[in-house]
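**Student:** Please see the structure below; I have some questions.
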């Protein structure tokens, strides 16, 4: 399909593009020379940006198809402006072998909406004891490995995982948490948890693992990526690692930037998240790190859970909230609209920066650039409503929030897969 | 709206008259009688009556004061709960003749509550009812034995007795709402 | 006041109202017929998910003195995680159309959770380590009866502060009344975060006793500890048990000893202290019924929206 979009504000910080103009797409790529379009769209008042890349999504397939499957997850992601997602392996059974990686690849082709990249388990069954056949899994299409949900407890096994991966070009993603220090805590440990008589998860539970992993990565000379960093101490450890020349990258979730522990309502388990919402100082440190470009990526950690489990009392409800459909607008409303960071800065952290950590392709506004794009109306206001979410699960604390900035259209390889409520499979167009 | 219908002197005269009535009715014999006043004004009025009787007869009369809040029949329909006062009856009720005293008799529900509370303390031989003002409007079959004055009221009107110890003045008013005072 | 969820949610005025009403209720408890018809037709459900005889019985007596009808739902529990979830309980209560729910549960904020989902008024009889407001209120009443105005008084709370809902409710209520508070206990059970309440902290028993008008002693909570907070009961008794000798050596002559009960005799309190002249423990129990009567009276009869 040949598409011409006119008068749209083109924003691609990775390629230094920030101007209003026309863009012509043919054969899945941006073309400088404008041909005869099959479809012309007016982009007046709108923005065209590289499509978002989420390097941390949980789809509950196989095992929890009624909670979130590839179909609903892809729709949620596309509606949120995502053109690529990394699906994490803590499914039932976990994605710890080539056969299951192939399953993910096959399902992605069936659904045929956005790019879906499988992330494999680093150890068999995610038990932290034996390595998975990582070379095989990379051959099948894995871009990264993780035991997310858990850290790798044994320092020896972590060392082996990092060493083994050096050969493959894929990276290890650590879920930094010392479960014994967490000691069944349910919110951040601080005066707030003590005042409320609930067990807290101390910030050192995270920073201790960050520190250990960085030292091992330094020792074996391999890269390492940390998921959902939530506190200032972890940032300090990462700074130490970078100063030593370690290739350490990390991501931060939108909810850790927007909420802190004082927002937690202990009667609503939609505030129960791991790592927990930390105190104001940590939140401010994360925001500053984002402003300074110290943060490498924003990732949602989209974690669907059914109503029957989130309706349980806070103590026993599972951790996690969804995020694909709200992440862009939340960050746009709270940071770009407020003038805390620039629109270009936000886009970078949602698209090119995460993609480049793992070497996957991403949308670029340049001649022959891949046409993975998102079209946004920065003025559109909307309210987060359960019935309007495409995700099968509705566990988010942001229901009822009034947000500014909405994704209107998502395009993958030159084909519009999402257009204001409608989904079009790529294979049906080709 | 408020209208003063009895002033301090007239009120004093009523209390004087009713005390005289009591004295002659009981032939000056008050050994078996105990006087119980209903808080917050009935008890003070009862005390004044007792003072006059004791002066006349040179004896002491048993006195008690009751708070009927916990016996009301309208607690579930009023909003914030009324403050519960204390009931002070430090003598045995069994076999006694009780003279129950209140300032205004209207629907009769307060008296019903007071009777229930007294009976929880013991079995009186007899209960007499004395009220300063009977303004009609009964909703229960309650009949006073001694009345200071009968006053006719329209619907929506209330009678309020004011006494120094609580209201800072003495008198009887007809009004729509006690708050109008 | 629609619910009594915690001291945090009520004002000083609410507290005073409850205490004044409790004083009146005490008179009812001293009569021959210890019953008033006030709450006839009102149904109170007692949901006790944690074992408790004293608090449950105190509430039952209070409810029956007011002529309310009572329903008891106790859960047997082998472990805190098993058993019916709160949500199931919510549905059962709604079906029974009760007016007031008294709930004790090991999960903090379960009364609050309940209050957001049912029409009845909710009274917190202890939610995990979070709050135990009726206990704090009866303690304050006992203190007021003994000392009158509590402003400027020196009170210490000794024991396993970290896991104690009694301590938390007491700190909040005493702070509202202008009392100077010192917390005392082993450092693993008294993290520095507690300073944020605006109280003094000491790990030394002597400092927890010297110059204090009231010494409030907590149970050492065997059932709430997962272990590894104190090495042994022996060591705790050696350094934190309140004995006659300690009181003679360090306490003010007219010091008052309080305890929420039941006392682990010989552990946190020596038996002769628990039964001795300094102890206010029995008055606390009497006041418990009066305070609970006051609270149930004040919360009853709020019109329910569905009717």
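Every residue, even glycine, has its Cβ placed from backbone N, Cα and C.
TrEMBL entries are annotated by machine, without manual review.
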**Student:** For the carbamoyl phosphate site that TrEMBL describes with C:54, C:55, C:132, C:135, C:261, C:262, which of these is also annotated: C:2, C:104?
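**Tutor:** Between C:2, C:104, TrEMBL records just one in the carbamoyl phosphate site with C:54, C:55, C:132, C:135, C:261, C:262, namely C:104.
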**Student:** Fewest neighbouring Cβ atoms within 10 Å: which of the binding-site residues C:104, C:165, C:219?
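**Tutor:** Fewest other Cβ atoms within 10 Å, among the binding-site residues C:104, C:165, C:219, is found for C:219.
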**Student:** With every protein chain in view, how many other Cβ atoms are within 10 Å of the Cβ of residue C:54 (carbamoyl phosphate binding site)?
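**Tutor:** Counting Cβ neighbours of residue C:54 (carbamoyl phosphate binding site) within 10 Å gives 12.
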**Student:** Could you break down the residues of the domain 'Aspartate/ornithine carbamoyltransferase carbamoyl-P binding' (C:2-145) into DSSP helix, strand and coil, giving a count for each?
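**Tutor:** The breakdown for the domain 'Aspartate/ornithine carbamoyltransferase carbamoyl-P binding' (C:2-145) reads 63 helix, 27 strand, 54 coil.
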**Student:** Which of the binding-site residues C:55, C:132, C:135 have a Cβ less than 8 Å from any Cβ in chain A?
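**Tutor:** Listed binding-site residues meeting the cut-off: none at all.
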**Student:** Which Cβ among the binding-site residues (C:261, C:262) has the fewest C-beta neighbours inside 10 Å?
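**Tutor:** If we count Cβ atoms within 10 Å for the binding-site residues C:261, C:262, the smallest count is at C:262.
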**Student:** With DSSP, how much of the domain 'Aspartate/ornithine carbamoyltransferase Asp/Orn-binding' (C:152-298) is helix, how much strand and how much coil, in residues?
**Tutor:** 63 helix, 24 strand, 60 coil
**Student:** Of the residues named as carbamoyl phosphate binders, C:54, C:55, C:104, C:132, C:135, C:261, C:262, how far apart in Å are the Cα atoms of the most distant pair?
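**Tutor:** Looking at C:54, C:55, C:104, C:132, C:135, C:261, C:262 as a set, their Cα atoms extend up to 16 Å apart.
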**Student:** Taking the center of the Cβ atoms of C:54, C:55, C:104, C:132, C:135, C:261, C:262 at the recorded carbamoyl phosphate site, which other residues in this chain have a Cβ no more than 8 Å from that point?
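**Tutor:** Near the carbamoyl phosphate site, the remaining chain residues are C:52, C:58, C:125, C:126, C:166, C:260, C:288.
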**Student:** Only counting partners 6 or more residues apart, tell me which same-chain residues put their Cβ under 8 Å from the Cβ of residue C:135 (carbamoyl phosphate binding site).
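**Tutor:** When sequence neighbours closer than 6 are ignored, residue C:135 (carbamoyl phosphate binding site) has C:55, C:126, C:166, C:169, C:170, C:260, C:288 within Cβ distance under 8 Å.
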**Student:** Provide, as an integer number of angstrom, the distance between the C-alpha atoms of residue C:165 (L-aspartate binding site) and residue C:132 (carbamoyl phosphate binding site).
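**Tutor:** Each residue's Cα considered, residue C:165 (L-aspartate binding site) and residue C:132 (carbamoyl phosphate binding site) end up 6 Å apart.
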